[in-house]
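Peer 1: The following block contains the structure, expressed as structure tokens.
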């Protein structure tokens, strides 16, 4: 591909998520413009100018950092149109390019003081606490400026490495150190805040700690051993990924592209903005104030308070509400942080990446389809014509019914008989997939042969309900059409409902009749205790075949539980305990009749069976006839 405009495909095997180093974060946001100017750092909390409605320079929507807000137009308007592609305006410094770059170009905020990443500090488990082998409460005391931590005990005999000291305790020790009679030469070093945490993490030699832990694990057991293994696992993962523990303390914060946190003007001149902009603004304001305080050498207590506020602002940006008070906006609504956008059912992954809308799919309520075979489903005509429209259009043109796509679509809208006939031809042998959420195992999505039905509900065979965990009280199912021949073949061979009789989890049948099917089968074959058994030859209760019984039942000449004599020449298994027939007689033509409790057989002179009549109920005839039909058509 020589043309640079053509997109090249990047083939990759996997996506790896690791900790980002400060240099990597700056790489994401920092760019060198064609004129050599380096841009990327967001230094101002402003978003847009409310007079000109244009983004403020070096602000959260800066066109120099993120790209122009209008295609092929710089900020000041000197350069317009595509012919100036790639030029950097000498007046405003904006590169002339497409506005869609604002969807992927990032910026960054350089922090005046390090801050701890709230995920690794307050997550479960707390990786910072595990790595430092300190209680989470102690680590929090350090980060949020409540306690000092000893970074180097020096010559002081009462201090230990990583020991916590309150403000008063440290003041007492300072008095000792700087007293005239003090013998301490090597002064102890203490720290507070995320800077101290970063120092502690930098001091960790992962390989040495891992080696020591392995030795300790061999000589320990119980709770202590479990704790050591937990710490070793975290350290081994850091070593394997090449990440450094001090990267869990942030020096640089990435600013996501402006089109992913938009600001839109409403009717009446007011603006609606993403919550992220407010959270970023808090961080920038506090960061700038801290930088100014450090510049003018403000008292330590004021600087420390500003550092704590910066830490809380970054916490709220990354995960609002994880620690401390939740930051709220107008009408006391908690602001949506980066974590809130990513996590949960409505988050970016589950809602937008995994839960994308797909073409050639539909959704409707399911109802029972008792006349369907197990591998079939009833698909409403209205849905089928929409789902299979490309196939129908192709066939209509191929059969010279219409000349072009437009004419075919008009014909389809009228839903003529001709179109329905073509649709029937298209769906014959074209499986569709039915899915019921939640798809908890592979049988939650299965393939079926569609049968066109009237109405707007999908018809489903009752036997496949346990696999989908479906019932008919208003459940909905999604329909998907496999397009490629390979997909259709796979659906037919592997996913057809009649090929998925056993549960993949237990190996036991998942296609089992239940509830109304069992009750119906019982009711159909039940014997009525007070029903009288007719004599053989009674014209109203003797039939020449199973079909005659069913016709008589359909005409309401006999009831479901009435006893009937029906001719049936097949094998009969009965529980007749009599060794001898109730009655046996030989007729004048040499044929012999044997009367049993539930059957009457007639044999010729040589003992061959001529005819057999069975005494049974109409319901049992219906059941038997249904099974014979099902087996014959399988």
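Using the three backbone atoms N, Cα and C, a Cβ is placed for every residue, glycine included.
Sharing the feature lines straight out of Swiss-Prot:
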type: BINDING; residues: 74, 76, 89, 92; note: Zn(2+) binding site
type: BINDING; residues: 471, 473, 475; note: Mg(2+) binding site
Peer 1: At 10 angstroms around each C-beta, which of the binding-site residues 74, 76, 92 has the fewest other C-beta atoms nearby?
Peer 2: 76
Peer 1: Determine, using Cα-Cα distances only, which of these binding-site residues is closest to residue 473 (Mg(2+) binding site): 74, 76, 89, 92.
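Peer 2: Going through 74, 76, 89, 92 one by one, the Cα closest to that of residue 473 (Mg(2+) binding site) is 74.
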Peer 1: Over all shown protein chains, what is the count of other CB atoms within 10 A of the CB belonging to residue 473 (Mg(2+) binding site)?
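Peer 2: Residue 473 (Mg(2+) binding site): 7 neighbouring Cβ atoms within 10 Å.
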Peer 1: Might you list, by sequence position, any residue in that chain lying six or more from residue 89 (Zn(2+) binding site) with a Cβ less than 8 Å away from its Cβ?
Peer 2: 74, 75, 76, 78, 79, 95, 96
Peer 1: Give me the Cα-Cα distance between residue 92 (Zn(2+) binding site) and residue 471 (Mg(2+) binding site), rounded to a whole Å.
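Peer 2: Computed Cα spacing between residue 92 (Zn(2+) binding site) and residue 471 (Mg(2+) binding site) is 64 Å.
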Peer 1: Per DSSP, residue 475 (Mg(2+) binding site) is which: helix, strand or coil?
Peer 2: coil
Peer 1: Quick check on the binding-site residues 471, 475: which one has the highest count of other Cβ atoms within 10 Å of its Cβ?
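Peer 2: Max Cβ neighbours within 10 Å, all protein chains included: 475.
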